[in-house]
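Contents: one structure, followed by commentary.
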Amino acid sequence: MAEEYAECLLENKYHENCPGCKVDQKKRLRRGFPFSELCTVWIIVLCTALPISSLFPFLYFMIGDFDIAKKEEDIGFYAGFVGCSFMLGRTLTSVFWGIVADRYGRKPVILIGTASVVVFNTLFGLSLNFWMAIIMRFCLGSFNGLLGPIKAYAMETFRDEYQSLALSAVSTAWGIGLIVGPAIGGFLAQPAKQYPSLFSEESIFGKFPYFLPCLAISAFALFVTIISLRIPETLHNHKTDDDDESFDALSHDPESHKVAERNGKSSLMKNWPLVSSIIVYCVFSLHDMAYTEIFSLWANSPRKYGGLGYSSADVGSVLAISGFGLLMFQLSLYSYAERLLGPIIVTRISGSLAILVLSSYPLIAKLSGFAITLTLNCASVAKNVLATCAITGLFILQNKAVRQDQRGAANGIAMTAMSLFKAIGPAAAGIIFSWSEKRQDASFLPGTQVVFFILNVILALGVVLTFKPFLRVPQH
């Protein structure tokens, strides 16, 4: 009852000093497609996603340059720890950033997140040893907590009819960032070797062969940080409004505040539609991050170990094509599929089809020439489109399961859980991949076949969890 009264006041009374009310008024008055808001959300999410997996195409070679692995088969083991350090940092801070976003606003968290990419991603490119690389990635993850707040921001900036498109833009930019980031890493790593006519071995890019892709992403992040200075705050705050006595009596009185705490944020963990969607989201995220690392390790590793023997540039080409295909699909078809089938059915179908696609990967490694190029690109596009569709459906379920004042905290909880699973993903993937290369003559699932089998088991678990009674649609 208190919540309905508060919403009624906000609906019928405009608070001049409230940034959230200004955004709500703009939404009510606006007609037409929200193109500028969509582009802003898209580039902010892209900025935070690019550095997450941009290292994977060159991580195999970077670990080799650090001279920490005693055998070639051990490179995957050490690569997993560098890969998981980002997500470990984000696991420890996501709830904190969600609380900050609910208390002080979405915009400060967004600005801190984009600025952290500028600083720590640049320093990662200048890493001198294995431990410096881990520390820089950990710091980057610790300060990069904007994915939860940007989802809340997207829900609050767009009119109801465009909210599924807004969250689709978030997951599309996220998915494309996880694909284009490695493409940038693949094309720009080791520039003195790849482009000797442009970059000298004596230049900074020769001495630090992995600095150029990090610098390119950091430069983009600086541009996004400047753009983000102009975005509006969407969080409602009426503390400075002198005429807001009735609202203050409702929301700032100690007794009513305790009731709100008891029935609001304290009850998030009892909100089963939210909790169940977060659990399924975590399973898909674990698979997604493990796949991202394994794909690059598999493509880079020699053919004698069941890999493709690709260079970092070859991997970059495959991922660039996948990113373009994903962009075209999400912008043209996803919103129609979501309206027709609903987010749960889209997630379920996408996960099931992804199992079939992933099962073909060990067979692809047996091809050569144009056949392997064509087949691998088609499979990579399909796999990444399906993965992003599944994640988008879960984004929508999470944000519809809570009120506006809970979205930052809810997304913070989701980010913490997801980051923990994504931290486990690369570490476990690196260890399993290294182990698989040592069992080429095994009678059951030899070599990399066991890696893709384990990935499919995780994916199948995620699909099973999308059925009732586990996953439920939020009721309003």
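Cβ coordinates come from backbone N, Cα and C, glycine included.
Lifted from TrEMBL, the feature list:
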TRANSMEM  35-63  transmembrane segment
DOMAIN    37-474  domain 'Major facilitator superfamily (MFS) profile'
TRANSMEM  75-97  transmembrane segment
TRANSMEM  109-128  transmembrane segment
TRANSMEM  165-188  transmembrane segment
TRANSMEM  208-229  transmembrane segment
TRANSMEM  272-290  transmembrane segment
TRANSMEM  310-329  transmembrane segment
TRANSMEM  341-364  transmembrane segment
TRANSMEM  370-397  transmembrane segment
TRANSMEM  409-435  transmembrane segment
TRANSMEM  447-467  transmembrane segment
Close approaches to the transmembrane segment (208-229) from elsewhere in its chain (Cβ under 8 angstroms; 6 or more beyond its ends): 40, 43-44, 46-47, 50-51, 54-55, 58, 61-62, 65, 107, 110-111, 114-115, 117-119, 121-122, 124-127, 181, 184-185, 187-193, 199
Listed stretch, out of 109-128, 165-188, 447-467, that has the most CB pairs under 8 angstroms to the transmembrane segment (272-290): 447-467
Positions on the same chain near the transmembrane segment (35-63), where near means CB under 8 A and six or more residues out: 69, 75-76, 78-79, 82-83, 86, 110, 113-114, 117, 121, 124, 127, 130, 133, 137, 140, 144, 146-147, 150, 153-154, 157-158, 165-166, 169-170, 172-178, 180-186, 189-190, 209-210, 213-214, 217, 220-221, 224, 227-228, 231, 289, 292-293, 295-297, 299-301, 312, 315-316, 319
Remote residues contacting the transmembrane segment (447-467) - C-beta distance under 8 A, at least 6 residues beyond either end: 276, 279-280, 283-284, 286-287, 290-291, 294, 298, 305-307, 344, 347-348, 351-352, 354-355, 358-359, 361-362, 365, 390, 429, 432-433, 436-437, 439-440
Top Cβ-contact partner of the transmembrane segment (370-397) among 75-97, 109-128, 165-188, 409-435 (pairs under 8 Å): 165-188
Residues of the parent chain within Cβ reach of the transmembrane segment (409-435), under 8 Å, 6 or more residues beyond its termini: 73-81, 83-88, 90-91, 94-99, 101-102, 141, 145, 147-149, 151-152, 265, 268-269, 274, 278-279, 281-283, 285-294, 297-298, 398-399, 401-402, 448, 450-451, 454
